[in-house]
Structure formats: structure tokens, C-alpha cells
């Protein structure tokens with residue numbers, strides 16, 4: 001049996017190292033995919049039956065480590081969420097092309113492709129938050145109660161939110177507009193309880209909210225925007241839309257206008273009667 005056939009037999013060693021290197025194609029498009037600290041390393045292509053992939057990773061300047069679930073695997077994804085324990089460290093990873101399990105090799109160094117550097121704290125994407133809208137009874141204040149998105153991180157058995165991780169660095173950016181208008185305004189808040197007071201009373205407003213971390217690089221400062229939510233329009237009365245002073249002033253102007261019209265009509269009627277009386281007195285008597 002020649003070397004090529006022996007190399008494909010389980011438990012046997014490949015013979016020619018140069019042939020081996022060609023048999024293990026390098027991984028391509030090695031990419032970090034991370035949202036709310038759920039971190040995956042992905043690559044291409046799907047391997048053939050002749051080779052597998054092994055992932056090695058480490059913080060910069062430290063020894064390489066392996067995730068036990070990503071050794072000689074036929075998958076094209078490795079979940080490193082629990083392996084990147086120091087979220088503020090910067091990591092790099094290699095995807096190595098190796099023979100299948102049970103197959104030995106004469107190669108000392110297997111082909112590999114390195115990832116870009118990745119820091120979970122700086123680079124993970126922040127998912128869209130959820131929030132509730134509450135309008136005060138007097139309709140002078142609208143409050144948004146934002147639920148801080150949960151992360152894939154745990155501490156003492158408790159799942160951490162992005163507020164737990166970023167603390168005072170976390171802000172929220174609110175985009176809002178009248179439901180009947182296209183003009184949009186922006187409000188920034190350091191709190192998850194966001195009060196908006198400069199809204200027209202009784203009007204329906206629409207809102208979107210997204211996490212904002214100004215200490216990050218510009219491309220990573222904003223998280224995914226939430227779904228649009230709108231406050232309800234309760235068909236407000238005139239007393240909801242205008243103050244008592246404005247209403248009283250309006251009534252006064254209306255009464256003043258009506259009074260002026262009535263005065264003008266009375267004046268015209270009196271003048272007409274006077275002119276008719278004057279006309280009769282000035283007419284000469286006809287002779288018989």
C-alpha cells in the first residue's frame with residue numbers, strides 16, 4: 001500500500017509533510033462576533049473529511065490556551081464567551097487546520113490563520129434595550145423606564161447587565177418626535193429612568209432608545225436602537241392643552257369682539273332711524 005493510502009487510514013500517520021500542508025487548507029475570514037459579551041469566533045470554509053480545526057487564543061503577551069470544545073472540530077464557530085474571563089484584556093486567536101481525530105501527522109507546525117485583536121469591553125456590540133412609557137396625570141412629564149440589557153456574564157451566580165459592567169460610562173440616547181411630525185430631537189441621559197418635560201401636553205410622541213458609551217471609539221459608541229414606541233393621545237380637552245390664563249384671555253377677546261360687533265350694529269341702527277326722521281321733517285307739504 002502506498003503512502004497516500006496509508007495516510008488516509010485511521011490511526012496511521014501521514015507521510016509527506018509537504019503533501020500534508022497542502023491537505024490542510026487555512027481557515028478564511030476569521031471574525032469575532034460579539035453582542036452583550038456573548039463572544040463567538042467564526043471562520044470559513046466547512047472542512048472536508050480530511051482535516052479539522054483547532055482554536056487557540058490568549059491575551060496579548062501570554063501563553064496560548066485551547067477551548068476543549070474547539071479542538072479538532074468540524075464546526076466553523078467557537079464560543080469563547082466563558083474563556084475570555086478578563087473583559088478588559090485584548091485577545092488574539094488562531095484557527096489551526098489539523099488532521100481529524102485519530103489521525104497522526106509528521107507535521108510539526110500546522111497551517112493557521114490569525115484573527116484581529118479583540119477587547120470585549122471595547123468591541124462587543126450592545127443589543128437593543130426595552131423600555132416602558134409613563135405619562136404623568138397632568139401630562140406635563142413623560143418618563144421612559146429603560147431595562148438595561150442583560151449580558152452573557154455572571155458574577156456569583158447573578159447575570160450581569162450592561163449597567164453592571166459599564167457603570168457610569170453607560171448613557172442612553174433617546175430619539176423622539178411627534179407622532180404627526182417627522183422632525184426628531186435627541187436627549188441624552190446617564191440614568192435608566194429618563195424624564196422628558198419639554199413635550200407638548202396631550203400630544204402623542206414616539207421614542208427609540210439606544211445605549212451610548214462615549215468612552216469607546218466612535219464606531220462602537222452606540223448600541224442597537226430599540227423598537228419604536230409611542231405614547232397614547234387621549235384626545236385632551238382645551239384645559240389640558242392651554243393654561244387657565246390663556247383660556248381666560250381668549251374668552252375676553254371673544255367677548256370684546258362680540259361686544260364690538262353689537263355696538264357697531266346698534267350704532268348703525270340708531271343712525272339709520274335718525275336719518276329717516278330727518279328726511280321726513282325736511283319734505284315740503286304738497287298743495288291741494
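Using N, Cα and C of the backbone, Cβ positions are placed for all residues, glycine too.
What TrEMBL says about a protein is an automatic prediction, not a curated fact.
Here is what TrEMBL says about this protein:
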- 22-102: domain 'Fibronectin type-III' (DOMAIN)
- 124-232: domain 'Interferon/interleukin receptor' (DOMAIN)
- 242-267: transmembrane segment (TRANSMEM)
Intrachain neighbours beyond the transmembrane segment (242-267), with Cβ under 8 angstroms and 6 or more residues off its ends: none
Structural state census, the domain 'Fibronectin type-III' (22-102) (DSSP three-state): 5 helix, 37 strand, 39 coil
